[in-house]
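First comes the structure, then the notes that go with it.
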Amino acid sequence: MERQCCSHPMLCSLPTMYTFLLGAVFIALSSSRILLVKYSASEENKYDYLPTTVNVCSELVKLVFCVLVSFCIIKKDHQSRNFKYASWKEFSNFMKWSIPAFLYFLDNLIVFYVLSYLQPAMAVIFSNFSIITTALLFRIVLKSECPRKDNCTTKEWTFTEAKWNTTARVFSHLRLGLGHVLIVVQCFISSMANIYNEKILKEGNQLTESIFIQNSKLYFFGILFNGLTLGLQRSNRDQIKNCGFFYGHNAFSVALIFVTAFQGLSVAFILKFLDNMFHVLMAQVTTVIITTVSVLVFDFRPSLEFFLEAPSVLLSIFIYNASKLQGPEYTPRQERIRDLSGNLWERSSGDGEELERLTKPKSDESDEDAF
């Protein structure tokens, strides 16, 4: 008699295990990043080092890693790639990566200033506003007129409305400052960056291109924007010239460089092989972890409205899983994606509609208009 290894085969499948592992890695890195930013600051919540130096170094780490892996994939497949962008279409496809790179550049920089004004727990709880901005911007980018008429969509939009009401109550009891304004701006920038990045990662032939080759283009522009900030801003340029590039850095800021780098890689894997909503919901789990650490370590005393936000984490995960349940008339669409070794593999998209709408070409749109 064969012994059944698992009562739920879906939970024991390899893709499911990879999904849990990727989510756990993202949660650990995101939580560590917030704490390292806090610990790397001085007692006055100021940074002796230039935050841009952390970002440019993390972009460099990611670029070197992706380039090395890309060369290994190309060598293994015996591919002869032409890295010269001869045609306008190839050049425009390359320049598309500058848009999410610029948005990520702003997002990574704003994080430092948000945590200099707000406690980590307050920063992550207000970052839940990204659920609203993601839903709003996703509809604007895709120019969707109405949501799907099913129960799960109704749940998602009801949850978004409830989320806004709870967040609005929290804001009404607080005296808004620069930190609150910055985190709202960051939510919009972060949501737009992730939505546009997912669109590029999965549209057209990009769906079968290696994620490391794609990220090499993204991180190239990331280094460019951070480098221009260091070079063009006079205060940054003078400090680097007089004190050195790594002036003011400590063990926490050095660790922050590598944590930020690998956290960015985990986001890329989530957007490539899963979806943006999974990324948003994993950030909700980060909220719980940071809140717990803030209470135990930073002597944070949350209010009643703060505790009302906690059940939304479990509710959001439940809604996300419920949206995967489709009627018998729904047939999952197969996606062909290149794995880490450069080989093609197929997986069924759980929802499929977002990916289809993200990558659906428009017949009346030329290459120049798309760019």
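Glycine is treated like the rest: Cβ placed from N, Cα and C.
It should be emphasised that the depicted structure is a prediction, and the values quoted were computed from it without experimental measurement.
Taken verbatim from TrEMBL:
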| type | residues | note |
| --- | --- | --- |
| TRANSMEM | 49-74 | transmembrane segment |
| TRANSMEM | 94-115 | transmembrane segment |
| TRANSMEM | 121-142 | transmembrane segment |
| TRANSMEM | 176-196 | transmembrane segment |
| TRANSMEM | 216-233 | transmembrane segment |
| TRANSMEM | 245-271 | transmembrane segment |
| TRANSMEM | 277-298 | transmembrane segment |
| REGION | 344-371 | region 'Disordered' |
| COMPBIAS | 355-364 | compositional bias 'Basic and acidic residues' |
Does the transmembrane segment (216-233) come close to the transmembrane segment (94-115), meaning at least 3 CB pairs under 8 Å for residues 6 or more apart? yes
Considering pairs 6 or more residues apart, do the transmembrane segment (49-74) and the transmembrane segment (216-233) have at least three CB pairs under 8 Å? yes
Sequence-distant residues near the transmembrane segment (176-196) by C-beta distance (under 8 Å, 6 or more away from its ends) are 99-100, 103-104, 106-107, 110-111, 113-114, 116-118, 122-123, 126-127, 129-130, 132-134, 136-138, 141, 267, 271, 276, 279
